[in-house]
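Swiss-Prot lists 11-193 with the feature domain 'tr-type G'. What Swiss-Prot records for Asp23, His24, Gly25, Lys26, Ser27, Thr28, Asn140, Lys141, Ile142, Asp143 is GTP binding site.
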Amino acid sequence: MNREERLKRQERIRNFSIIAHIDHGKSTLADRILEKTGALSERELREQTLDMMELERERGITIKLNAVQLTYKAKNGEEYIFHLIDTPGHVDFTYEVSRSLAACEGAILVVDAAQGIEAQTLANVYLAIDNNLEILPVINKIDLPSAEPERVRQEIEDVIGLDASEAVLASAKVGIGVEDILKQIVEKIPAPSGDPDAPLKALIFDSLYDPYRGVVAYVRIVDGTVKPGQRIKMMSTGKEFEVTEVGVFTPKPKVVDELMVGDVGYLTASIKNVQDTRVGDTITDAERPAAEPLPGYRKLNPMVFCGMYPIDTARYNDLREALEKLQLNDAALHFEPETSQALGFGFRCGFLGLLHMEIIQERIEREFHIDLITTAPSVVYKVYLTDGTEVDVDNPTNMPDPQKIDRIEEPYVKATIMVPNDYVGPVMELCQGKRGTFVDMQYLDEKRVMLIYDIPLSEIVYDFFDALKSNTKGYASFDYELIGYRPSNLVKMDILLNGEKIDALSFIVHRDSAYERGKVIVEKLKDLIPRQQFEVPVQAAIGNKIIARSTIKALRKNVLAKCYGGDVSRKRKLLEKQKEGKKRMKQIGSVEVPQEAFMAVLKIDDQKK
């Protein structure tokens, strides 16, 4: 192809993604677009075609982003090339969203005609605005009896400030309005700007590991072209590779001769090491490299940490391999080895949030068949010592000695909660119970309110989301962003079993709620830990001070069964002998802690409600 043909082709490319709150119909709309452009035959279409992972289909959510190339014949006879990049809607996966938006020029904003704007809609729209994308509002599900398209249109204008007069009214389920959406994509979304003759610049926005071809990098070409046989260089590491194959997804991978400006596709270059293709890195030509890399993504810091240990310690290396493979296409996962006296060898893993943690855990158990024990999630605390040094603590067992601590700061988040009027009371109560401070409250319309609170992240990590949903019968939606660290009065609580600290059960808690929490945990553990032959005290302690205790009663055999009648001193002798034996057992006996006990420490709040 000569330069002219390339530029002509470039003008007909449209790169866009679909953004929406969970359940507003994003994946269904993607299905309709695939169907309308003839990317898949009727036979191949299944619901949520782009959600390839079994877990995604089961939970009905999108976790990974996915890219597809489609061809669309417009009314004017021109053939356009669409690249649709599907994005997740859940708050834990905003990073995935920001990655897919960086590879686009436009975004379709899907809003449910019955529910209106939700918290995550807002979060994702702001990401799109930051990336200077052209946003096309679509009001979906207009076939529902409860749909109020006009109210939602007004809401889009008032809350986001987008002009919604030309918003498409659609129903992805029945296929209404899909043609209009395709028409708007052609008319409103700009073609990619890039120079086909400049040195190659390609953004890696995802990657996955293929046992036969090595690492497969998903790329968006910004400048130049890439074809097999070309030497490429990673700009962050400076490593060089030779391209072996390039292709596009139509949803299935299809090999092509070259990828040009604006294309979204994949390339393989016999890259064996997972670490060499960092998501967000720029690929350039090794012979004539680009002057500077593309502005990458911001470095992602995990917010929530927990320990993961294989139940069978011999599978420690399998777990490491599993985590490495997952990390390859999940840039936000972070892990390092750690050991625990109670659980043996394992890893300390960092996640973006609780859903992220749950999904990684489930993927390890499903895809790699490793049974896991996970410890209570914790956040990163900044601990300032009396000698002026500062330590980051993401594991309660690493907390320095209380005498050496000057102050502890914990991460706070700004929580945006959208909630129907009737539930404002319970939600405010919940936020205050979680040590939240009230910031702002706005009425979106006569039925819905937006509440903004500053809440410690550690309070959200446990079960804030579940509590919020149950307090509002599932109507509230919620989104949060980190706003920095603030000093708090925190203490580390240890749990002692039979006088021994169980390191995996330690956690950090606010001093005011320490006593309550200690009491609840001790009671709960008493029910969960199986009874032993001797009695076991369960204690909660702050430093050396025991603040709560309960006792697991011993199992005992009836030693008097064989004495029919007989003298009382004979019975006493047998009882004394049993007591002696139990005492000896207690000195050498150890207690097994079941997995439920670790999870119980998290879910204590159930008791309080």
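Even glycines carry a Cβ here, placed using N, Cα and C.
Here the Cβ of Asn140 (GTP binding site) has 30 other Cβ atoms within 10 Å, regardless of which shown protein chain they belong to.
When secondary structure is read from DSSP and collapsed to three states, Ser27 (GTP binding site) falls in the helix class.
The Cβ neighbour count for Ser27 (GTP binding site), using a 10 Å radius over every protein chain in view, is 25.
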